[in-house]
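Student: For reference, the structure I am asking about is given below.
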Amino acid sequence: MEEFPCDVIRYEAYVYGVCEFRLPFFLPSRNFSIIAHIDHGKSTLADRLLELTGTIQKKQAGKNEQVLDKLKVERERGITGKSNHSMIDKFKGKDYLLNLIDTPGHVDFAWEVSRSLAACQGALLLVDASQGVQAQSISVFHNAKERGLKIIPILNKIDLPAAQPERIAAQMQATFGIDPSDILHISAKTGQGTQEVLEAIISRIPPPSGRIHAPLKAFLFDSFYDRYRGVISLINVQEGVLRKGDKISSCHTRKKYEITELGILHPEEVPTQSLNPGQVGYIACNMKQSSEAHIGDTLHRAGEPVEPMEGFQETKAMVFAGVFPVDNSDFPKLEESINRLTLTDRSVTIQRESSSALGQGCRLGFLGTLHMDVFRQRLEDEYDANIIITAPTVPYKVVYHDREVIISNPTEFPEVTDATARVKEIQEPVVKASIIVPEEYFGDLMELCYSHRAEDLDHRYLDSGAVSSRIMLNCILPLSEIVTDFFDQLKSRSSGFASFDYEDAGYRKSDLAKMSFLLNGKPVDALALIIHRSAQEAVGRQWVKKLHKVIPRQLYEVPIQAAIGKKVIARETLKAMRADVTAGLYGGHYERKMKHLENQKEGKRKMKKMGTIDLPQEAFFDILSNKS
């Protein structure tokens, strides 16, 4: 692989070779992120910027590569997980190194937005000129503002017939206090106005501060795993110079490493001889475990300790689910696949789990339901895993008289109706939700929130005009209510116009209980749920009907029950298959026929008493889907 000397300013891969341009002096840089609501055009704008600077080959209009979305699941779902690219642009006869530290747009990955912004001095706030300011536009704006970043407001998709740039610019002024004259109007798809974006990055965003002769101080903001080189850390050099062969130490773990490779992403990995103050790049240092690359850690030269920079709080799993192989003999392979995948996604928590119905598996913790779905799809795409995922749950807090316990597995939830359990109260996690919706759908959205146990509702008008007025609805919602079908119902009731964002708001006391499902009087542990009492009867009836549809008929009658403690709240009966035991009788007395029927009845009674119902794996697929 070609290596940059420390003063290379451009690296372009052409069809017939590699071209390098060098400068004999230090190259000024700008570190920035693109922040926006999901689907407002972050990846497309990044493609245009990379094309304009010659970092990637220019494509025809509309044929962008979505360079930031490297995973198959990211391209299919239109989401960006995490990325980092360097490019070089000339402004007023001078070359600049521009480091794009991209951020995900979905609410599940808000934690990754925070860590990306920590390595930047500026942010491009992208707003769709047809959709306007959305819920996550507001949250990412405040996140960037709190960190003191210079914000460049941009209206994207001005080429759309439905675009209303003047109205949306006024909306941004009212919501963010932004001067409309500072807003850039672009179309990332066609490239219109994107050159002005590059100029604004250089002229408006301040350069990173840092002294080249100061002791080394580098900020670790991300990492990924390479099967040959181990953990690759993405860093922002704050002060000093980092070179290949340097010995470094971690402020967090106190472990020491030697730099075996370092460089920039342009857009793929390009090794360099050094990283200077303000530059963003990658390092390989024979780090074996992802847990060693502590996000927010400060790296310094071994033997030259420095004051550590402010780090981050650890990620907190918000949604838990059991993952089991369809074939129990595949568990070792599944466990190895999960462990490998978590090397590239450190926010997933793992714990072994055993189920009498599904066998051996793992209980995984995720940042949200989209994160869970992305992880599942990556398991299937990259490791060809055939898995069953149980219904998602959230971490509940069980308060006893002498202690508190966090429980994320329904099978471990105590029977609150049992006085001997000594449970003082149950608390559930809640979130502060923000919903932006056109006025005509406001009533439906209020009803949706109330049906999902929303509290402390308030609202305000964001804007008004000839076309429509939009309302921001704020409320406190139980996390368990939004990990199921809340988002789908939100989009359905608003015809797709509502946007949704939330943040953790701690725990609140709640009236919850464990619902068990019994087949022939025996509980199925993999189907246990934790349900609020207001929804127990409806959920119980819904699930027993689902079970009734998918369980194969037996030779004896099978009662299907939903129970809270010892109280049965819903029941369906699966009728027995009838075998004609009198078919072989060609005559004789009536009592002979009755004797055969009585023997059959007695046999079925014994089978019902002794028999167990084995749910086929196909039945679990149907039951654990969201289909009713």
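Note that Cβ sites are derived from N, Cα and C of the backbone, with glycine treated the same way.
Feature annotation from Swiss-Prot assigns domain 'tr-type G' to 27-209. Look at Swiss-Prot and you will find 36-43, 102-106, 156-159 tagged as GTP binding site, backed by sequence analysis.
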Student: Quick one: among the binding-site residues A36, I158, which has the most Cβ atoms sitting within 10 Å of its own Cβ?
Tutor: A36
Student: Sort D39 (GTP binding site) into helix, strand or coil using the DSSP assignment.
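Tutor: Note: D39 (GTP binding site) is coil by DSSP, not helix or strand.
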Student: Indicate whether I158 (GTP binding site) is helix, strand or coil by DSSP.
Tutor: coil
Student: Validating a neighbour-count step here. Other CB atoms within 10 A of the CB of K42 (GTP binding site): how many?
Tutor: 27
